[in-house]
Amino acid sequence: MTYTNGLHYVTTFRTGDWATKLAYIVMGAGHLAHHQIVKGLLYLASEIGFFIFLFSDGLRLLQGMVTLGTRHQSWTYDKSLGIMVRTPGDNSMLMLIYGIMTLVLIVLFITVYCMNIKGAAKAEAIIADGRRPRGILAELATFLDGRFHVTLLTIPVIGVVIFTVMPLVYMISLAFTSYDHTHLPPRNLFGWVGLANFQNIISGDISGTFFPVLAWTLVWALLATVTCFFFGILLALLINDDSVKYKKFWRTLFVITMAVPPFVSLLVMQNLLHAAGPINTLLQNWGWISQPIPFLTDPWLAKVTVIVVNMWIGIPITMLISTAILINLPMDQVEAAQLDGANRYHIFRYITFPQILTVMMPSLIQQFIGNINNFNVIYLLTGGGPSNSHFYGAGDTDLLVTWLYKLTVDSADYNLAAVIGIITFVLSAVFSLLVYTRTTAYKEGSLR
Amino acid sequence: MKKKALWPRITLVILGIVWMFPIFWTVLTAFRGESGQFVSYIFPKHYSLNNFRNLFSNNPNFPFLLWLKNTLIVSIFSCLLSTFITVSMAYVLSRLRFKFRNTILKVALVLNMFPAFMAMIAVYYILKAFDLTQTLLALVLVYSSTAALTFYVAKGFFDTIPMSLDESAMIDGATKFQIFTKITLPMSQPIIVYTALMAFMQPWMDFIFAKIIMGDNVPKYTVSIGLYAMLNQTTANTLYTTFAAGCLVIALPITVLFIYLQKYYVAGITSGAVKG
């Protein structure tokens, strides 16, 4: 029997024997009555443990998540000490975290509860067949065979739930609260505000920062992806040209720049391009310019600079991938075109480039998404600067992600940061959907 | 025979110079005898090893040896744990068929689309709840748990092993555990090496999570945040050449590893069309 919807649980209850029926209230009863003592006891223990937790702390923690705290931190006069003493109030942030942890536990318990009923029904069916259900040792052995996936997945899933899912649920909830720099626990409480933050960003005070930053993020992602892609292919073609010797040496030379840790190469770049850095000083010494070029401090020039520096990082990557593709391209079309008198440009424009584009389309959209979230280049090179006095907490080259980072780390506007995170997620999701509708795996009807 | 064109070679030489210049400049800075963040010439007036001596002198403000040790500890443990986690995820999702397989794939996809920093602060508070902030263990846990969602390259590899291999072993009575340990793992050496090395390199590159978790506890820094911290407002000018020396010390092994790994890297990008 499959348990795809709740109806099956009703059917099981109606058709089951007394032990299976009892398992709906006393977990493990079905197993205990059907010779699966250890499993039954474990289910029973988990039920008892869960309800002890629920009534001692769980309900209070859940309620705390709803109110997010009611008692403000206050100062009262302590007569014995003769000074003002701080009485701790509620800490909204901790209440939210504990509430989410409780919710995760409840979901876990419901899963165990459903397993309990399924197990009870199964044991009953086996007994009715005149066989004996598996003992605990045989049951454990299935974790190395039939249920081997459970064994392997346990640790990864626990890790993901604690360090990815719970934090994300927490941050997503923050988008609906007033947790900003004026509502910082433990000094102040914050509360639920519904969609006010979204409204603030779309049409309120913050929209004056949000839309320019969003526009620049999209422009940046588009330009960064296209420039790296186009020039990367040109570089690959250049290295693959018949006249070039030592192809492997050239390839490795460009790959080296990919391998240097980004914080090293980008901090060095920042130094090179600084107003007092070597490039500006040299140009001044040679008398080519009289004033240092504001590579990183002029709003427009800084945008050009980050795109150019990103080419320095990104072109070798495309070069490496498209070389692999170029080598495997069928040559017959090119040869036929050469016989027809096509020149290099025509061959590239009408044969090689379309072929590369088809193969690289998925990875191109991936790079586009990667660039929307490209933290390193902007943060290390310009730090989002030059700062713009019309923007709230952002500079002229800030992307949504670097703005998000500044909002959390520098200005403690967690609610705004959470909304930005959700919007970034929606952007990535929309473009990812484009990838999946284009991959063959999707057309075959399954996620590979 | 037509004379071969000269311009591709000249263009390549110019591009090569442009691309190598920042790296070349870092190397020169690391060996520069005169200190200072900005100098008005490219080639140093005199060369010395003083920057390296300074770097390893165990100065309490920048205990580079200690940072190296921290990073090594974190990267060894997180490499072991991450490799286990990534390979498990990839193997299960590629080779085993069970009820929630597609659900897990879809959830992983969605989770990968959230910007990583969004959860950063929450991760910090969760670690604080376990009293783990400013410990190396916290870094190991954070790096390893992110490994669970980076299984696409390894999964692509497992997908290429024919299923008939597993089936024939199953007919011979092998359990799934035996198939995993005795057949699949020995065949998967390249991808295990790749996964392990990638995991090993992560702590040497990351400076955001580490900074948030370690805060101002300088003796617990890893090299990347340590070096990054050396360039703050007050010390940037005096420590810049030492910083360059430090960069050279850690960039060299990473670069060698990366050049060795580049073929897997390409395979990972071109095959991992599903990665979000």
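Glycine too: its Cβ is placed from the backbone N, Cα and C atoms.
Automated prediction, rather than curation, is the source of TrEMBL annotations.
What TrEMBL says about this one:
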| type | residues | note |
| --- | --- | --- |
| DOMAIN | A:214-435 | domain 'ABC transmembrane type-1' |
| TRANSMEM | A:41-62 | transmembrane segment |
| TRANSMEM | A:93-114 | transmembrane segment |
| TRANSMEM | A:150-176 | transmembrane segment |
| TRANSMEM | A:213-240 | transmembrane segment |
| TRANSMEM | A:252-273 | transmembrane segment |
| TRANSMEM | A:300-327 | transmembrane segment |
| TRANSMEM | A:347-369 | transmembrane segment |
| TRANSMEM | A:414-436 | transmembrane segment |
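When each of A:150-176, A:252-273, A:300-327 is checked for Cβ pairs under 8 Å to the transmembrane segment (A:93-114), A:150-176 comes out on top. For the transmembrane segment (A:150-176), same-chain residues at least 6 beyond its ends with a Cβ under 8 Å from one of its own Cβ atoms are 96-97, 100-101, 103-104, 143-144, 192-195, 197-198, 414-415, 417-419, 421-422. Within the chain, the transmembrane segment (A:41-62) has long-range Cβ neighbours (under 8 A, six or more residues past its boundaries) at 26-29, 31-32, 95, 98-99, 101-103, 105-106, 109, 112-113, 116, 119.
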